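> There's a structure below that I have some questions on.
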Amino acid sequence: SRAIKTNQDLLPETPWTHIFYNDFWGTLLTHSGSHKSYRPLCTLSFRINHAVGGMDPWGYHLVNVLLHAAVTGLFTNFSRILFGDGYWTLIAGLLFASHPIHTEAVAGIVGRADIGACLFFLLSLMCYVKHCSTRGSSPSTWGWILGAGLCAGCSMLWKEQGVTVLAISAVYDIFVFHRLKMHQIIPALYKRKNLTLFFSIGLLTSWGTALLGVRLYWMGNKPPSFSNSDNPAADSDSFLTRTLTFFYLPTKNLWLLLCPDTLSFDWSMDAVPLLKAVSDWRNLHTVAFYAGLLLLAYSSLKGSSNERECNGKTVMNGKQNANGHSCHSEMEYKTLEVKSSFASKEENGIKKHEVQKLQLPSTENIVILSLSLLIVPFVPATNLFFYVGFVIAERVLYLPSMGFCLLVTVGVRALYVKAQKRFLKNLVFCSTAALIVFYGLKTVVRNGDWQNEEMLYRSGIKVNPAKAWGNLGNVLKSQSKISEAESAYRNALYYRSNMADMLYNLGLLLQENSRFSEALHYYKLAIGSRPTLACKYFN
């Protein structure tokens, strides 16, 4: 409603330049009540939708689906750089296309901000990949890095986390393109041939700093303020509670990516109970999550133990690369053939697949990039630098899910390659296919929940009963189902008795049905809960 139906920035009589001074909901950025969500390109896309089709939702949904299709195509194309032409690239693309966590971003119109940011995120990354491949050999290389910077800026103007693509580009350059390990980065600083690498990294850093500086200045250098129900942990007086809860939330988000069986339109209030003590068993999940993450990152950054120096150049398993970077041996090239397309034996007159000539990144390099894609775009939502207005938001996982899909793919590929028996290889392949099918089926089912408001709110009762029942009460009231609406309001208050809006809504419902004494009771309770809401005094 706020982003489209009542947003004045979408109307033709409103100057289109207002979009660049207002937040996502049409409120002036410097206003004290502004949400500070500066997404002018997304709002501009809504305005174009409104100009073409008015308030008909069909056109808005069509654009969202087309954007998701475009993002999926770009992500699959980027996966080819990591996995080559073959089934592994297809698997990564199918995982991304079908993942249920994307339903909110694609089926919910306001989720377009995440899809648009991801589109330009990938365009920026692909431009930087071209810059890396042409650096030192073509004048067009600086055109590519300029394109990467402009697309990064556009990604940020779709949604704030889009600016993190600059950090991902740096990770790609260092760990994938140059194949450096952690212990090689410092010595690389002293080599003249790496000057272009560090010049590119310097440009990325400078541009990222400039974008963030302008963004903070434009919103008035003040963070937004949120109600305590939006992010209860941020409002807690206990440092221990805030710390334990904020450390736990990324674990919960990863579980939603891994096993998206329970999804909700809203995770605020008490949907995720606060962790108030060290003895809370959920802390075990937190410890396991960070231990696994650190172990995976350390093993990938450390690199292979059989690396050695030969003629002053880095060598892996006895085979030297002409540009001085680590290189695969003949055996590893054979492995790459298997990795890029399932071992194709000569059967029924079909010839073997030709061994790929181009060298692909090692598993460790892909893991580093995948972890970066999973973690870095999610950092703005962790409450690490500033408090956010939600506990968990499934749409925020649209960008990080790319890293998750790459991690799953590279993990499955490693299992497939290491499996000695044909039965085990088939088992890995069938399990992966089953995962994609189940993700797709869950996405279809979840799309049904987003068919209308009533179904959406009913689907959220299990996760966030107070918010879901309250919103459902509003819908039922609009349908003139008065007794059902009253029951829904009372259910909401059963789970959270101090919700001022819900107390007011119930009082209003009772007043409209001439139950004045009951209405007065709930108005007074609402005033006690939030004394600043004027309409309660008026009624």
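Cβ atoms here come from the backbone N, Cα and C positions, even for glycine.
Take a look at what TrEMBL says about it:
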- 58-75: transmembrane segment (TRANSMEM)
- 109-129: transmembrane segment (TRANSMEM)
- 194-218: transmembrane segment (TRANSMEM)
- 221-293: domain 'DUF1736' (DOMAIN)
- 284-301: transmembrane segment (TRANSMEM)
- 366-390: transmembrane segment (TRANSMEM)
- 396-416: transmembrane segment (TRANSMEM)
- 466-499: repeat 'TPR' (REPEAT)
- 500-533: repeat 'TPR' (REPEAT)
> Other than its close neighbours in sequence, what residues sit by the transmembrane segment (109-129), given a CB gap under 8 Å and a spacing of at least six beyond its ends?
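Answer is 3-4, 24, 39, 41-42, 45-46, 57, 60-61, 63-64, 67-68, 70-71, 74-75, 77-78, 81, 144-145, 147-152, 154-156, 158-159, 161-162, 164-166, 168-169, 172-173, 177, 204, 377, 395-396, 398-399, 402.
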> Could you tell me what the rest of the chain brings near the repeat 'TPR' (500-533), counting residues at least six beyond its ends with Cβ under 8 Å?
466, 470, 473-474, 477, 482, 485-486, 489-490, 492-493, 539
> When DSSP states are grouped into helix, strand and coil, how many residues of the repeat 'TPR' (500-533) land in each?
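Once the DSSP states are binned, the repeat 'TPR' (500-533) shows 27 helix, 0 strand, 7 coil.
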> Below 8 angstroms Cβ to Cβ, which residues of this chain, lying six or more residues outside the repeat 'TPR' (466-499), approach it?
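For the repeat 'TPR' (466-499), the list is 229, 264-266, 268-271, 453-454, 457-460, 505-506, 509-510, 513, 529.
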> Just to be sure I understand, if DSSP states are collapsed into helix, strand and coil, how many residues of the repeat 'TPR' (466-499) fall in each?
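Across the repeat 'TPR' (466-499), DSSP assigns the residues as follows: 27 helix, 0 strand, 7 coil.
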> Who are the chain neighbours of the transmembrane segment (366-390) in space, where the CB to CB distance is under 8 Å and they lie at least 6 residues beyond its ends?
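For the transmembrane segment (366-390), the far contacts come to 35, 82-83, 121, 160-161, 164, 167-168, 171-172, 175-176, 223-224, 226, 230-231, 233-234, 246, 249-250, 253, 267-268, 293, 296-297, 300-301, 396-397, 399-400, 402-404, 406-407, 410.
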> Which residues, given as numbers and ranges, are at least 6 beyond the ends of the transmembrane segment (194-218) yet have a Cβ under 8 Å from it?
29, 38, 128, 131-132, 135-136, 145, 149, 152-153, 156, 160, 163, 166-167, 169-170, 173-174, 178, 188
> Tell me, roughly as an integer, the mean pLDDT over the repeat 'TPR' (500-533).
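Across the repeat 'TPR' (500-533), the average pLDDT comes out at 92.
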> On the DSSP side of things, how many residues of the domain 'DUF1736' (221-293) fall into helix, strand and coil, could you say?
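Split by secondary structure, the domain 'DUF1736' (221-293) comes out as 36 helix, 0 strand, 37 coil.
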